[in-house]
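Visitor: Mind having a look at this structure? Questions to follow.
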Amino acid sequence: MSLMVIIMACVGFFLLQGAWPQEGVHRKPSFLALPGHLVKSEETVILQCWSDVMFEHFLLHREGKFNNTLHLIGEHHDGVSKANFSIGPMMPVLAGTYRCYGSVPHSPYQLSAPSDPLDMVIIGLYEKPSLSAQPGPTVQAGENVTLSCSSRSSYDMYHLSREGEAHERRLPAVRSINGTFQADFPLGPATHGGTYRCFGSFRDAPYEWSNSSDPLLVSVTGNPSNSWPSPTEPSSKTGNPRHLHVLIGTSVVKIPFTILLFFLLHRWCSDKKNAAVMDQEPAGNRTVNSEDSDEQDHQEVSYA
């Protein structure tokens with residue numbers, strides 16, 4: 001492989017690295033759904049990505065759909081940059097987990113860290129379940145309360161929402177002795193009331209939910225505090241995202257290629273310089289006449 005081929009390969013590597021998006025250069029933007037992430041069929045929802053970093057562009061990405069990335073130019077107002085992505089009319093193919101990213105001017109391939117995930121759910125596709133409270137919807141402060149969501153439809157999962165809370169609790173459905181599919185949500189000792197609803201979903205379509213149950217108002221008498229324990233996990237996972245920040249990795253890969261490219265260029269320049277010096281030497285200095293050659297051969301024979 002010639003020197004120029006190696007150099008061109010190194011240059012090509014750097015060009016490819018420059019064209020590949022790099023995540024994690026800036027901190028993550030905020031991400032929310034307006035009016036909310038539970039959307040009825042055929043309705044439209046706005047996904048808003050915003051940050052106090054002056055991003056020039058925002059990207060919207062749906063998990064598992066690499067060809068469905070949307071780009072918008074950011075709007076700048078009062079020290080905040082934002083973009084509003086209109087999603088709709090809502091249908092099952094649009095449901096899923098979304099994230100957004102930001103990029104600054106002159107660096108379109110250097111993306112921010114991903115926002116927290118946002119689950120967009122389409123509701124109203126199946127019949128509504130029933131929601132009840134045990135021992136009842138009105139309880140004394142400190143009394144244990146359980147909310148039961150049930151239906152004759154063979155739902156695999158139930159989701160319990162409370163007005164004012166961003167995330168739902170979820171539990172798998174269990175078939176009861178009376179033939180219904182049920183999930184019991186233990187709320188623990190009652191400290192604060194609220195309005196609850198539940199939804200059902202199937203295992204093979206986790207973002208497609210039933211109609212909402214009728215709202216259930218739970219009232220607490222006595223001396224309630226400001227919150228109710230949340231013994232079950234929320235349906236949205238807001239931990240560390242699965243996206244790997246590749247900026248460090250690509251930098252580590254670039255270092256040896258930079259050294260190699262410098263070495264090859266230095267060697268190539270040295271070879272060119274030596275060749276130029278050789279071309280400038282007098283012809284007499286580079287030739288040996290026949291007499292000198294014969295004399296050297298004779299001396300070599302004499303010393304042998």
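Positions of Cβ are set from backbone N, Cα and C atoms, glycine also.
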Visitor: With the disulphide bonds as Swiss-Prot has them, who is the partner of C149, out of C49, C198?
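Guide: Candidates were C49, C198; Swiss-Prot matches C149 with C198.
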Visitor: For the set N67, N285, say which residue Swiss-Prot annotates with N-linked glycosylation site.
Guide: N67
Visitor: In Swiss-Prot's disulfide listing, C49 is paired with one of C10, C100. Which one?
Guide: C100
Visitor: Using Cα-Cα distances with a 10 Å cut-off, which of the recorded positions C49, N84, N144, N178, N211 are near C198 (disulfide bond)?
Guide: N211
Visitor: Taking only same-chain residues 6+ apart in sequence, whose CB is under 8 Å from that of N84 (N-linked glycosylation site), what do you get?
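Guide: Same-chain residues close to N84 (N-linked glycosylation site) (Cβ under 8 Å, separated by 6 or more) are I46, L47, Q48, L72.
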Visitor: Would you list the DSSP helix, strand and coil counts for the residues of the domain 'Ig-like C2-type 2' (142-205)?
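Guide: Going through the domain 'Ig-like C2-type 2' (142-205) residue by residue, I get 0 helix, 39 strand, 25 coil.
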Visitor: Can you figure out which of C49, C100, N211 (the recorded positions) comes closest in space to N144 (N-linked glycosylation site), comparing Cα atoms?
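Guide: Out of the listed candidates, the nearest Cα belongs to N211.
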